[in-house]
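The structure under discussion appears below in the form of structure tokens.
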Amino acid sequence: MSGKVANATPKAAAGKPRLSAAGGGAYRRTSSGPLPSAGGGGGRASSESGVSSRVRVAVRLRPRNADELAADADFGDCVELQPELKRLKLRKNNWESETYEFDEVLTEFASQKRVYEVVAKPVVESVLEGYNGTVMAYGQTGTGKTFTLGRLGEEDTAARGIMVRAMEDILADITPETDTVSVSYLQLYMEMIQDLLDPVNDNIAIVEDPRTGDVSLPGATVVEVRDQKSFVDLLRIGEAHRVAANTKLNTESSRSHALLMVNVRRAVKGKHEMDVSISGENGHSSSMVGSLRPPIVRKSKLVVVDLAGSERIDKSGSEGHTLEEAKSINLSLSALGKCINALAENSPHVPVRDSKLTRLLKDSFGGTARTSLVVTIGPSPRHRGETTSTIMFGQRAMKVENMVKLKEEFDYKSLCRRLDIELDKLIAENERQRKYFDDEIERITAEAQLRVTEAEREYKISLENEKAKYHQEYLDSIKILEEKWKIHQQSPKKLIKETEPTSSEVGEVQNLLQNEKVLRQSAEDEANDLKNQVLHWKKMEAAATAEVVKLRKMLDTEASQKEKLDEEIAVLKSQLLQLSLDADETRRSLDRGDGSGKIFPGFDSLMSHSRNSQPREQSNGPKPPIAKLFEQVGLQKILSLLESEEPDVRVHAVKVVANLAAEEANQEKIVEAGGLTSLLMLLRSSEDETIRRVAAGAIANLAMNETNQDLIMAQGGVSLLSMTASDAEDPQTLRMVAGAIANLCGNDKLQTRLRGEGGIKALLGMVKCGHPDVLAQVARGIANFAKCESRAATQGNKVGKSLLIDDGALPWIVKNANNEAAPIRRHIELALCHLAQHEVNSKDIISEGALWELVRISRDCSREDIRMLAYRTLTSSPTLQSEMRRLRIEC
């Protein structure tokens, strides 16, 4: 990609919205609305209302790389761009395609400058005006996300990414004397937030304000940036510490999500000023002109997010620790996708707490930030699925609405510094005024002292005169009072003598009245107690009567339910017995070879081609007895009979479950109801050969489903099947066990675990039986295992010798390659061809004599597909060709 260096954006007046400097394809930024009023108290002046702003999404196509030019030379691109219509066509095949519209479509020839002006510049301008902004890149591994965002452009200035160009515009627009720009550079690696500028700080905690919901990282390193060179040096340091790995899709695949946080703090000029004048008594005055209101600053944040690429394990070839990294990346991207879906569908609940990535991007999607998303895709048709997923992510993101808000705060620090200067001036002025006041006070104090002394002398003379006058009046009043007291002293004695008899009578009456009151109160209390006791006993009697009636009703109900359950159990036992007899009769008919009637599905399902060849019943025909029982009784009751203490009931129940498991429609219901766990428990605990045989057959039927195969492995099914095979003597039991293991051998994901838990050795151990049916199932299992190994080796997912050869299966394969039984011979021939396809097995093929069998198969095999496979294997293997030339063998 090429392009000229982006010109610095000229400064714009604060508070005025600006248009994007991009060309005709760039979109116009929505109006930010009027600035909030600076009036009112408090420490925050942020706007409470916001402007709705949709997430803007652009798609960028990466040109073909060298590998794609070589591998896809005969194929066209899977995408077709229509940039003039802002549309993208995704081809499903040569005839069908789907069209998607985006805010901008960038071809593989789009320059870095063009990408910046379309995607990031409107967001950067919003950040300079005081709004939060987010620029994010999303896409598959190796599609150019880091190139788009984090390219430093040291060798080619035209290749500079969004991070470098955004900082150039920010530094060009701010005023260094009043504005500040600070940077933090982080990575989210394995769900841990690590500081790329300080690698020691490798587990930073996320702090969420409980009042506003804002997310912050107080432990992250924050570096103030003054010039572009220091910012580029910081990016270089951060990129050196970022985790990367070599995968099949990208030699320098980022294994973490990188977040560049740019905090911009700008002062807003105001005119809130007031004159304050201070005057002294002597006429001197000092005036202070300043703003009593703190200055307003706008704080905004630009977040540039370089997401790690989503990848499929089978395509990237991740393994070991790289596999764990890929799992963590996919989990966090999955959580982000869930949040985008919830926001796009206006869901009441958005699961932002499912991942640290979604918590960090909480403000970017559905929050208050202006967000631009660039989705990067590749042209290769091999990655059509990943390209489709990326495009659909961008389509859903376009439905997300953010409420953009302007954040202004009072700058109390600046106000404090200015007030400190004013305070120093006032202190000096105060000292001058204080000296003047002290001198004036001394003069006034001296004058006042003289006046006080004269007033005290005059007051003292007046006080003496008044004192003498009042003393004489006091003596006269005392004499008058003494005379009145003597007169009144004689009157009370006469009054006491007259009132003594009356006082004694009143006292006796009062005592009698008091006693009567006490007796009356006691009687009333006793009567109330008796009433309460009578009421209490009446309530208890009524409650006891109601309880007796209730218990009688419950007893009658329980008795009737017991009778119904006994009758139902008797009916179920008779139905199970009849069905078991029918199944046994059918099985005996099958053993006799008459071929009439429907064979026992549980055992027949071991051979998938036989089961598929049976004609299905007509929808209007009568249902089989098993289906009728399943509808009438219910699966849960049938499974509960597996734990019956009566052996006959348990045998019949497991046969019914085995027949139900033969139908694919019933398998999911059996597993959900716990049937698989119950069957494995029977293998573990039962000593009855019949129960273990039928249980193994039911497990074999369930093992036809890939989901059930994972559950069987997770619950130790292979170990239980191996143990059953070692204890069994009946060939039919061994046939069922071998069939179950053979079905598990057909799963690519389970091969290592299957071998580790003894599955292959259990198969080889069952060949001692010698029964043709058992040998046919063993041969089928070995053929399935060899086919999966061959497919994995072809895809590059497996190296090294075959696990079958390591476990000693090759001698038995060679020995039975020309078996008289057609099913055994067909599976053995197929297994031998798949083993020989992997070059690393060639020496063992030769040493065990399997080369002659391959030559025989290529000449005499009755099936043309196996014969051609053997021929291609012999002609494509250099080792086998060399040995054939040595032995003078011709194909």
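Please read every residue number as a count from 1 along the shown chain.
Every residue gets a Cβ built from N, Cα and C, even glycine.
The annotation ATP binding site is assigned in Swiss-Prot to Gly139, Gln140, Thr141, Gly142, Thr143, Gly144, Lys145, Thr146 on the grounds of sequence analysis. What Swiss-Prot records for 502-592 is coiled coil. According to Swiss-Prot, the feature compositional bias 'Low complexity' maps to 45-54. The feature region 'Disordered' is assigned by Swiss-Prot to 1-54, 586-626. Feature annotation from Swiss-Prot assigns repeat 'ARM 1' to 623-662. Annotation comment: Swiss-Prot describes 706-746 as repeat 'ARM 3'. Residues or ranges marked as repeat 'ARM 4' by Swiss-Prot: 748-787.
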Residues in the repeat 'ARM 3' (706-746) grouped by DSSP into helix, strand and remaining coil: 35 helix, 0 strand, 6 coil
Which same-chain residues, if any, lie at least 6 apart from Gly139 (ATP binding site) yet have Cβ under 8 Å of it: Lys145, Leu307, Gly309, Ser310, Val375, Thr376, Ile377, Thr390
DSSP-derived class (H/G/I helix, E/B strand, else coil) of Thr146 (ATP binding site): helix
Gln140 (ATP binding site), number of other Cβ atoms within 10 Å: 27
Per DSSP, three-state class assigned to Gln140 (ATP binding site): strand
The repeat 'ARM 1' (623-662) [mean pLDDT, rounded to integer]: 72
Other CB atoms, at most 10 A from the CB of Thr143 (ATP binding site): 28
Other CB atoms, at most 10 A from the CB of Thr141 (ATP binding site): 25
Secondary structure content of the repeat 'ARM 4' (748-787), with strand meaning DSSP E or B: 36 helix, 0 strand, 4 coil
Nonlocal neighbours by CB distance (under 8 Å) for Gly144 (ATP binding site), same chain, sequence gap 6 or more: Arg60, Arg62, Thr376
